[in-house]
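Following: one structure in structure tokens, then a few remarks.
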Amino acid sequence: MGVMGSSCLGGGLPVAVMLCLNVVAAVMVSLVKVAMDGGMNPLVIVTLQQLTASVFLAPIAFFKERKSRPKLTLEIFAYIFVSAALGAALRQYMIFVALRYTTATFVTAFSNIAPVLTFLLAVATRSEALNLKSKTGMAKLLGTLVSLGGAMVLTLYKGVALTHAASQQHLHSHRPHADAVSRGKWTLGTVAILGNCVCLSCWFLLHGRLARKYPHVYSCNALMSMLSFLQVAVVGLCTQRSISPWLVKSKFQILTVLYAGIVGCGVSFVLVTWCIEKRGAVFVAAFIPVVQIIVSVIDFSILHEQLYLGSVLGSVLVIGGLYLLLWGKRQEALHCPPKVAEDADKEQQPVHT
């Protein structure tokens, strides 16, 4: 009976945890979107988020890994410094800029291409094998091409509004200049989320090497959050010299910062790490599109954002290609020796907003 209970717990608990994490990510995206619409600067949000995350994770790292943590060498520090810039500071800033100029649904839809870009970079650096003579190799290539096609649709084709179309058409007929400005901001937001995906993909590959050199996840992430806080704070203080943007003026903004730092960054990291250890990175990556579904529900029912035809078509292609790529990787892992499969999985990690 105990064995059966343990088996069920081990099999079902990671699924439940991942579903909870997707809700956490979706709520964070929506909270940040509302906070920025209320006037909060994205650079300020990232700075306070990383500070909160580092303060939250530092005690955990100290008590959990203080006896096993090795000496921090200059090489490891350099890895963590670059990892902080790519995976936390620059990536988070870009995703928040994208949220300011587009919609939460669009941002989460576009973020689905990050595993695909990771796969392309892994192939280019020979960290990932691609055998075009096998079904799995063809599936991975086809999935990559389909996802990239979906990303192009998301970037180049906005399409008509599918929700509140009548009111939107009436508004634009009286504000042609505002409509042109809106298209310009949408393009800027698209470039920002694309930059976020590129940074995230590079960070995945860098973090894979860092994890092998310094396998103490709590200490590594606590230091990474602190370094990213310092990096963003320096830039922020140079560009936002007035004290006004740094003042958190409402209870909602305080809640957003605390939630994004503690829950959206600190707790989520610990739980994602646990899920990867239990079921692997491919399992975790398969839940990425769930964030988009939850965000879409919040976006339309609570925030009353527009749903555009280009976002729907692009999302279908990106998600379809992603699952085809993940299927190829999963089938390949099943036919690989455990060590090879484990190494292959480490090269492709999930996207978390």
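A Cβ is built for glycine as well, from the same backbone N, Cα and C atoms used for every other residue.
Feature list (source: TrEMBL):
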DOMAIN    17-154  domain 'EamA'
DOMAIN    188-326  domain 'EamA'
TRANSMEM  12-31  transmembrane segment
TRANSMEM  43-64  transmembrane segment
TRANSMEM  76-95  transmembrane segment
TRANSMEM  101-124  transmembrane segment
TRANSMEM  145-166  transmembrane segment
TRANSMEM  186-206  transmembrane segment
TRANSMEM  218-237  transmembrane segment
TRANSMEM  257-276  transmembrane segment
TRANSMEM  283-302  transmembrane segment
TRANSMEM  308-326  transmembrane segment
Secondary structure content of the domain 'EamA' (188-326), with strand meaning DSSP E or B: 118 helix, 1 strand, 20 coil
Counting by DSSP, what is the helix, strand and coil composition of the domain 'EamA' (17-154)? 112 helix, 0 strand, 26 coil
For the domain 'EamA' (188-326), what's the mean pLDDT in this predicted model? 82
